[in-house]
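First up is the structure itself, then whatever we jot down about it.
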Amino acid sequence: MADPLALARALVACPSVTPRDAGALDVLESALIALGFRCVRLPFGAEGGERVDNLYARRGGAGPCFGFAGHTDVVPAGDGWSRPPFGAEVVDGALVGRGAADMKGGIACFVAAVARLISGPDSTGSISRHDPTGSIALLITGDEEGPALHGTRKVLEWMEGAGERMDLCLVGEPTNPEGLGDMIKIGRRGSLTATVTLLGRAGHVAYPHLADNPLHRLSTLTGLLLAETLDDGTAHFQPSSLQLTSIDVGNPAANVIPAKATLRFNIRFNDRHSGESLSAWIRARCLAACDGDESGFSLVLEHSGDAFLTPPGPLSDLIATACQAVTGRRPELSTSGGTSDARFIRSHCPVAEFGLVGRTMHKPDERVAVADLEALSEIYRRVLVGFFEAPC
């Protein structure tokens, strides 16, 4: 398992589109057992519904515990591929397949790093055996690309009950925009999605006094939402952003006033806000658009997590130093991009993210350079050595 490409190909060959596992965790579990890990499979799901499989693995006993988290589920392949999306082919020096970058390749690199750490020299003979005093844990879910209800957050709850703890955690998401060594994620913005339905009364456009047009209030609400800047950013976060995503009336007739109109928008917010504070902010503007009438609208809010930050320090320094030693580049520390399961882990232990290049993730012909698989494996190995020599 010291070769990341072999394991990455085996994982990519599993069509594990959320919530299907398709054998991916079996492949990973076999590799980890061979390295001395104790593995526990943790299927979770709603009563009577489909269950999602997860894996927790640990090697070692007392002492500091280094955690690694990731996911084996992938988004649907879609169309436009030049190679089979689950063929796991190597083409022009790159592994092509859904999940190669996001993030089966990263998982394979971490397993290869552990194998090299504990099993002796690499092909160049430059790595000496280093069986750490302490432990290594992996938290791998099959529910990250989907609703994320029965994955990492449920495994963390199980860990608390079982007395399993990590001293820190590295999430292997593809954090690098263009090249390996670009970026370490030390936090993420929060996310809040709102669906507002403005209620009115249908009627003929020639007789507006007999109807109540909700589109006019929707227009007012849109203006209120966009009229002010949420903030100007903070030391580690860019400014919060509100983006309209949908206006739906369901009215094909130009001479009919609709009975309702629905607006959807998302706010990606920094650490100056919380889901609770922004929910109140949205509700106040809905009330204002409806002249204080609570019966004039319905509001559904989906809060996937607040902004969080692991301040620059021992964990990010450990990753950056290892990356610079391998690539010659010291990564930028960033909180940009979308959400990840790090939002759940942050309440368990310090967490940071670093993985492969994400330029092609979720796209046709998703790919990762074979050379990057090798380089990331060496970065992860150096991170492990650094941690066990001087735990963060």
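Heads up, residue numbers simply count up from 1 along the chain you see.
Just so you know, glycine gets a Cβ as well, placed from its N, Cα and C.
Among the features that Swiss-Prot reports, active site is placed at D73. Annotation source Swiss-Prot lists active site, proton acceptor at E144. What Swiss-Prot records for H71, D102, E173 is Zn(2+) 1 binding site. Sequence annotations record features per position, and here Swiss-Prot assigns Zn(2+) 2 binding site to D102, E145, H362 based on sequence analysis.
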Residue among recorded positions D102, E144, E145, E173 with least C-beta crowding, 10 angstrom cut-off: E145
H71, D73, E173, H362 filtered to the recorded positions whose C-alpha is within 10 Å of E144 (active site, proton acceptor): H71, D73
H71 (Zn(2+) 1 binding site) in three-state DSSP notation: strand
Cβ-Cβ distance under 8 Å to D73 (active site), same chain, at least six residues away: S16, V17, T18, P19, R20, D21, A24, V52, T141, G142, D143, E144, E145, G146
Other same-chain residues whose Cβ falls within 8 Å of the Cβ centroid of H71, D102, E173, the recorded Zn(2+) 1 site, in sequence order: G70, M103, G106, E144, E145, V171, G172, P174, S340, G355, M361
CB-centroid shell, 8 A cutoff, Zn(2+) 2 site D102, E145, H362, site residues removed: V74, V75, G99, M103, M361
Pairwise Cα distance for E173 (Zn(2+) 1 binding site)/H362 (Zn(2+) 2 binding site) [Å, integer]: 13
Among H71, H362, which are binding-site residues, the residue with the most C-beta atoms within 10 angstroms of its C-beta: H71
Cα separation, H362 (Zn(2+) 2 binding site) to H71 (Zn(2+) 1 binding site) (Å, whole number): 14
